[in-house]
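Note sheet for the following structure.
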Amino acid sequence: MCGILAVLGCSDDSQAKRVRVLELSRRLRHRGPDWSGIYQNGGNYLAHQRLAIIDPASGDQPLFNEDKSIVVTVNGEIYNHEELRKGLKNHKFHTGSDCDVIAHLYEEHGENFVDMLDGIFSFVLLDTRDNSFMVARDAVGVTSLYIGWGLDGSLWVSSEMKGLHEDCEHFEAFPPGHLYSSKSGGGFKQWYNPPWFNESVPSTPYEPLAIRRAFEDAVIKRLMTDVPFGVLLSGGLDSSLVASITARHLAGTKAAKRWGPQLHSFCVGLEGSPDLKAGKEVAEYLGTVHHEFHFTVQDGIDAIEDVIYHVETYDVTTIRASTPMFLMSRKIKSLGVKMVLSGEGSDEIFGGYLYFHKAPNKQEFHQETCRKIKALHKYDCLRANKATSAFGLEARVPFLDKEFINTAMSLDPESKMIKPEEGRIEKWVLRRAFDDEERPYLPKHILYRQKEQFSDGVGYSWIDGLKAHAAENVNDKMMSNAAYIFPHNTPLTKEAYYYRMIFERFFPQNSARLTVPGGATVACSTAKAVEWDASWSNNMDPSGRAAIGVHLSAYDGSKVALPLPPHKAIDDMPMMMGQEVVIQT
């Protein structure tokens, strides 16, 4: 992940303005500590802070076409760049960077090339031949990007809000799957519009091996690297599958030839947390070189202000989960690692959050997954991108591969539905796809481990400690005036009020507060899904433990019925047995 900053159509082309652009670009240097670059053409400025993952020696930016009439600054990874180069035989490339194809694709195809890119990206392209420009962001917003407008008519683009919030009259998050073009009068155009986007219920039958192959392909293409890398391994289903597939396929890659065939894995948690225990077990099973990082509640509390500054949100669940990830990223980078694979996105695609147990029918189930994927750039993508980028670490997320999303979202949602009476727990279709008796990907109890949200899995006392700390800093009188102090997205808890105070100190503009989503939620649901269970309205909390009657450690201590894991191989395709174990928590 790099940092990009662009000012386009500015009326000021002075040295002082160039110095200001450089100053703002330096605010993004944590994202790209390896090199800085800037290009100026009149009142157009393109600046770049580079994190070198592919071609570290010569891939500095901005990048150009042959005669340097087209200039590009990019944050991202283009996984199919070698294939795209083969289709550009009449073009000369200046670097081995995967992003070098963008300027040349524009020469060949104009603005219609964006959907040809297989990867994650945010970029600004300036065509000096007619002084036009375009800006684009990847399909679901894995890379962060903001757009703003100055009083002088200038357009500002930055990887993070801190690069433009002081200089723009208005700014907002750049919508994922869109491009912005000066040629179309300065409007947004949606380039990513897959069949599932209209939320109509699909009907493709469930084929476990199709899911398995599609996800393995998504992981393998993300092993493209010229620098040391590893995997984040919490011991949950998603990160464990990523680690398992990576360990299986690493040996034949260029990365293995350069850095060795043994995979490094990383986990963070409070002493004795569920994730530390499960992560260590999976690491031993896979034979990874495992790195376990411990933190205390106080360590996390001490980092909260830094986390909010870097992640740029006041959303409660995002801050809870970002803090341990932020701490872990610093440790990982200290080991010389620059890229990690992570498991974000699975819960949105397969309905993995525990509140999906209460989905009333397959239509509601499917539409909720659509809503969750479309909102990922405001939550998990934002966290995974910015918490790691704070220390110049790149996170790659194979579950959010375009082709894999299309495969998984074309399934008849009936197959994703959670049905305890049939032994089907959350993400059953994914678990079943990798339930291979002959050559197991994971131990059976890990493959069927109950969903733990990251902020819960690092240790339950983490959230409890945050709430206690907030209560010490926010009193009842402050809460009684909350609606007057924060009329937009009024914080309903002392924890939310505490985060909001810090956020507003860093980002006091109204545009900044509008970039953060709001609304009722329980166990990370959308506001619409809260309607599925009337009892949830009395316990509005993003923690998975708020899924009363579902989570093993639910806040009310209720009984929970859990299915036993299946016993047979995937190739036999039997229905799972409907046996249940009742656990008193």
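Backbone N, Cα and C define each Cβ position, glycine as well.
Annotations in TrEMBL come from automatic prediction, not curation.
According to TrEMBL, the protein has these features:
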ACT_SITE  Cys2  active site, for GATase activity
DOMAIN    2-185  domain 'Glutamine amidotransferase type-2'
BINDING   Asp98  L-glutamine binding site
BINDING   Leu232, Val268, Ser342, Gly343  ATP binding site
SITE      Glu344  site 'Important for beta-aspartyl-AMP intermediate formation'
Integer Å distance between the CA atoms belonging to the residue listed as 'active site, for GATase activity' and Ser342 (ATP binding site): 18
Cβ neighbours within the same chain of Cys2 (active site, for GATase activity) - under 8 Å, at least six residues apart: Arg31, Gly32, His48, Gln49, Arg50, Leu51, Gln61, Val74, Asn75, Gly76, Ser159
Euclidean distance between Cα atoms of Glu344 (site 'Important for beta-aspartyl-AMP intermediate formation') and Leu232 (ATP binding site), Å: 10
List of residues, in chain order, with Cβ under 8 A from that of Asp98 (L-glutamine binding site) and at least 6 apart: Ile54, Asp55, Glu77, Ile78, Tyr79, His81, Gly119, Met224
Distant-in-sequence Cβ neighbours of Glu344 (site 'Important for beta-aspartyl-AMP intermediate formation'), under 8 Å, six or more positions away: Asp238, Leu376, Asp380, Cys381, Arg383, Ala384, Ala395, Val397, Phe399, Leu400
Cβ-Cβ neighbours of Val268 (ATP binding site) (radius 10 Å): 28
